[in-house]
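Student: Quick one: the structure is below, questions incoming.
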């Protein structure tokens, strides 16, 4: 299967630089800290957010090679609010110990659907991945519990009572803690202080009567099946320490300080083995169970912890837990040429894994999803359907979870009528209704067997540590009241990571994809040959290979004149190269045209331009101008190319326009210009309003006369009426001095229509100035204002006395007399 190679580079620390040198002298496989580098397979595609079939040849042979990943190359994906995006698919394969060092994956190439090739990215991406260890997790389902060993109680003569035998002070050390003399001495010291307790077989109450220093099983509220419950029960640690440990000044070295499981101190009476029950040894050994330990009384004789319970758990089907953190960076360069790394994940890692399968950024600049394939069951450490797990009650034995027992299922006896097998406590069997399965051998027998094998350097068959590597805390409680058993997973595991990154401003650096024919010179002054000089610019951002081809000449020319090609040349990005073509034929015509093509190494035409041949002349085809010959055209005047010919030559956009000189202005000039424009606009607006008022005044005299007294100093006497039908009638005025109609007594025009219309046009323009003039006069010359108002009043009084008449023009002497009379 062929996959897209996207330049994977994995870097952790300086150790990998020295790895080849150290491996020549040391067997690195024996060094614990050496971890295998994870295997990454990458596919990266730059596609539109809304792809179309015409933009992406998804049915091509090259696209089919990429189908080693889930999904098609040109699939639409989940991200929609973008123009184009980069879709990265990673296959992450881990074998052995998980590499927990940061690993960097560089994605600087993408698959181009149009050209069916890999193309460089202008802004490459870097993925920083830091994995957590892979775990295989088994859910545990509680089944029952068994004791370490069933001890028959000695009966007293004459009474049906049982007593617990006292342990001799000269008892031997505990076999599985022989290496810790202090622990052995402490346990034996505590057990020697135990008092003898009597039980009455006939009295149910007396049967369960015991010393107060032991816990009360009835307070456990029916949770005896959960071994984790007893570790956190609500008790008084001072009282427990005083009662359980008496005057001992030291706490047991194993377990948690101040805590001791109540069940480890409960004793129940036990009847002797019945003769008709299952035989303890013969029946078991006859089964010929593989890996079955041989019971030995000397192995657990005088055991001070033989009353310990073991909880039996069924192991369910395992799952693999995989979690890792990831950061995404995009490489940029500023205007000074310095490299910058923009964090697409906003400077903080994102977390993906078995339970976190998808992460979306708020602005949807990226979307990351995770999926994995569950490995076959043969790759797991435990065969869950054929074993059971035995976990001792808290506090655990020395060695912790590594010495939990993994027992084959065929080591258990499921017969309900068999009560004589070791590990079944008969007192508990009689009093409890719950049916419990029994085990063929005491748990300690399996323990002793593996311990003996470890002493000889052979791996055992029952300790949990012999099946897989255990983490620091292999047992975990879950929120649904279950327990999980966890191992490190070192088998092959494959994970799929799909990332969609918004790439609206990222482009593919397509080599051999863009060229521009900037200049062409045709020298036909030599009769024997013609020289062509073609300048080609690589307009791409990566190097490319180009060559020039002369074609499309008239058909009546000799055959050797067409299809002339130059040698290929490598052109750096944004650089020019000069190609030279020599035609060793005399020109058969005085004037004709041919084409110059620029092709890449795949013989694709990238740009072409029509050129002109003129016998005994030099022609120049430059930039956006048509070809011009020196002598024929009498100069080098530029005639712009048609837009299609301009784009065919490799230029983008429209034709260049002649630049205009823009005079620079200062801030003051700009402010004055703005103020002038504002004043001009306001003047035009006020003139338009005045014209509207004048036009309305032609039809409605009241509108036309409004405000004219402020301009003309009205009312004042006039010689004759301005109405044509009243010209011969003597003038009449009202009380205020306004001319009125003789019949209707309504006010008449005080000015002609032309004068009124003209004043109305400039009314709004001059009104602010007149208002300002009146305010100034009133403030500066108040006596002048009063005199004028008194004159109007005197004139009004005279008119009221004389009625309607034609008054003579007021004289100065009249005004003076009126003023004296008023005073």
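Every residue, even glycine, has its Cβ placed from backbone N, Cα and C.
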Student: Scan 717-736, 737-756, 757-776 against TrEMBL and say which stretch is down as transmembrane segment.
Tutor: 757-776
Student: State the residues, same chain only, that lie 6 or more residues beyond the ends of the transmembrane segment (757-776) and have a CB under 8 A from a CB inside it; answer 'none' if no residue qualifies.
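Tutor: Tertiary neighbours of the transmembrane segment (757-776) are 683, 686-687, 689-691, 693-694, 697-698, 704, 707-708, 710-712, 751.
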Student: Do any residues of this chain, six or more beyond the ends of the transmembrane segment (671-696), have a C-beta under 8 angstroms from a C-beta of it, and if so which?
Tutor: 665, 703-704, 756-758, 760-765
Student: How many of the residues that make up the domain 'Generative cell specific-1/HAP2' (81-162) does DSSP mark as helix, as strand and as coil?
Tutor: 0 helix, 53 strand, 29 coil
Student: When the pLDDT values for the domain 'Generative cell specific-1/HAP2' (307-617) are averaged, what is the result?
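Tutor: Over the domain 'Generative cell specific-1/HAP2' (307-617), the predicted model scores a mean pLDDT of 84.
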